[in-house]
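K.L.:
Pasting the relevant annotations from TrEMBL:
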TRANSMEM  A:15-36  transmembrane segment
TRANSMEM  A:45-64  transmembrane segment
TRANSMEM  A:70-91  transmembrane segment
TRANSMEM  A:98-120  transmembrane segment
TRANSMEM  A:153-172  transmembrane segment
TRANSMEM  A:202-221  transmembrane segment
TRANSMEM  A:236-261  transmembrane segment
TRANSMEM  A:282-301  transmembrane segment
Amino acid sequence: MNWLEAIFTAFTSPLFYKLTILSALPLIFAGIGGVYSEITGVTNIALEGIMKLGAFTGVAFTFLTGNPWLGLLLGMLGGLILSFLHAYVSIEWSANQIVSATALILIAQGFTGFLMRPIFGQEGQTDFVSKIPTVKIEAIQNIPFIGEIFGEISSFFYIAILVIIGSWFLLYKTPLGLRMRSVGENPRAADTLGVNVKAIRYFGVLMSGVLAALGGMYLALGDIGQFQEQMPAGKGFIALAAMILGNWNPIGTMWAALLFGAAEAMNIQLQTLMVLPSEIKALLNLLPFVLTLIVVGGFVGRTRAPAADGVPYEKE
Amino acid sequence: MKSRWMSFLVPFLAVMVSLLIAAVIILSIGENPLKAYGAMIRGAVGSRLSWADNITKMTSLLLTGLAVGFGFRAGVFNIGAEGQMAMGGIMAVTVGLSLGNVPPAIAIPVTIVAGMAGGAFWASIAGWLKAKTGAHEVISTIMLNWIAYHITNYLVAGPFAVGAGVPKSPEIAQSAQLPALLTVQASSIPSSILIAIVAAIVIYIILEKTTTGYEVKSVGFNPYAAEYGGISISKNIVLTMAISGALAGLAGALEVMSVHHRIFGAFTSDRGFDGITIALIGQNNPIGIIFAAFLISSLRSGSNAMQTIGVPDDIIVVIQGIIIFFVAADRIIRTWIMKASQLGKKKSPITLQGGEEE
């Protein structure tokens, strides 16, 4: 099959759209996590590390308890604890947030590597564990085309819909959301109006930890059922790009994540539809990263970060 | 407390605290931390062989540390040293392969310059994007890291592929290889360490004695004031990135010229990221970075020895993470130091003010 044929086949097959959605899932969770943190004024570039630790914790507890849902819950707790470190030094000690987040990425990488052998007796990847089951809905399955995409799909898809709609509602339709946005735009004014800046920022950063962990766990517990050391392979940073392209808004982040998901899906589709030598496959893997670079380079001027993003707040 | 002492004490205490926390973690998997650290020290500096290994590792770490540290001075967070080092290696191999008939006196500098240009070009992309569109260098350099990684994989599996087994490039010409400084049994100390130390001194001079260094530092210190003072921020960001990338590219070139003589997938083995730890421990001071690079290369070479007694070497990454964490939250440590210095002199109230001086 030649290039044009392969691309055409990809675009017309339901599998491509399903892969797009599935590839976007980790970016949606982590990207919206980033929105929570940055909208309250704390930069969190540690999404990559939180995803990794979340994925590992989720798999480890699924392995130890046999229950993937329990693993999922404890994996979210893992993300919460890791992001707490970032929140604590950023909010209480005015730490440099980029440096602190870099520390979290290393801590997550070191910890998962360190605990691999004591828990699983091997390095590189863990044993296979039970996955979070897929949801099958027959009424949808019977619809042509659509049925092949949504008829049977990972539970994470439905969790993502809850997260997207819930986050949009929380941020734009509730008093808490208003406070979060005001803390991210002008913490001093919010403080004067009696908003507890610290508490709101803690909430934002901790939510980013929980959601990024979910994103990591989709890769491990939703997709392949094991943790691999090279996970999440840059997806935490692509999620940050999705957050920027999505203008720090949950719905926008979702669309941006779907765009990056489509690049990944096209990569996977081309590799399976065409007989390609290994070196060409290596080049095709560039697709999502080049796209991210172009998008971040081209769109940043047109989106606007919360005014107090990354700026520590101290009471006078 | 004088600021010169603070800039030494903060990273020193960060290292000590992280070793202590790591000791607790080692205990938690039922191993003896004293034994582990003993093995680590022996592995790092216990024999002539371990010294050779240590200094070989230190060479590229010193350069990636300088690369990141130089960026920090201008307020640029270059975490792309990994990709820039890879590009330096790729360029050094591309040029070094075809220098068979050229005398070493020409071949060696040409290969070095090619590597530096490769790294500088790669970093400039991120610098240019930041200056033109405001793209945050953290995201763009991370993307460039992945792109460089996949390009390396492409080259060693495709155009450069040679031999069977692990995908790798051919060896560069003999004349472009750097001779060993000193050969100790099977292992040798590469002469590239001298080039790395010279680079540190040059960067020190650029930062402290030249106009370029002054501009770079003032942009890092307060970009608005610098612009008001007539310094172009965007020019400086691109320039800083280029110099920073050239240093990381030099690390890649020297790695090729004196250690492997070729490239293979992931030959940079996370040394670009180690550069972040090193720059932070060295407080972005080129001379401090020399010592910090030796510390991290010791931890890295020692970790192999630790592995043999059953402590996974990933503990080193945890230690680095905790060090960076405390450097980020340096106020925690400064508060400890202040409290400790007040404990000693509780009776004289005058020292209270002195403790906060920086």
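Glycine residues also receive a Cβ, built from the backbone N, Cα and C atoms like all the rest.
TrEMBL entries are annotated by machine, without manual review.
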K.L.:
Any residues 6+ beyond the ends of the transmembrane segment (A:70-91) with a Cβ under 8 Å from its own?
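P.N.:
For the transmembrane segment (A:70-91), the far contacts come to 37, 42, 44, 46, 49-50, 53-63, 97, 100-101, 104, 107-108, 129, 132, 198, 201-202, 205-206, 208-214, 216-217, 221, 312-313.
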K.L.:
Considering only the recorded stretches A:153-172, A:202-221, A:236-261, A:282-301, state which has the highest number of Cβ pairs under 8 Å to the transmembrane segment (A:15-36).
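P.N.:
Against the transmembrane segment (A:15-36), the leading stretch is A:236-261.
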K.L.:
Using a Cβ distance cut-off of under 8 Å, indicate which of A:98-120, A:202-221, A:236-261, A:282-301 has the most pairs with the transmembrane segment (A:153-172).
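P.N.:
The stretch with the most close Cβ contacts to the transmembrane segment (A:153-172) is A:236-261.
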K.L.:
Checking distant contacts: for the transmembrane segment (A:98-120), what same-chain residues at least six beyond its ends satisfy Cβ-Cβ under 8 A?
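P.N.:
Distant Cβ neighbours of the transmembrane segment (A:98-120) are 43-46, 48-50, 52-53, 56, 60, 63-64, 82-83, 85-86, 89-90, 126-127, 227, 229, 310.
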K.L.:
Taking a Cβ cut-off under 8 Å, which residues six or more beyond the ends of the transmembrane segment (A:236-261) line up next to it in the same chain?
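P.N.:
The answer is 19-35, 38-39, 45-52, 163-164, 167-168, 171, 212, 215, 288-289, 291-292, 295-296, 299-300, 303-306.
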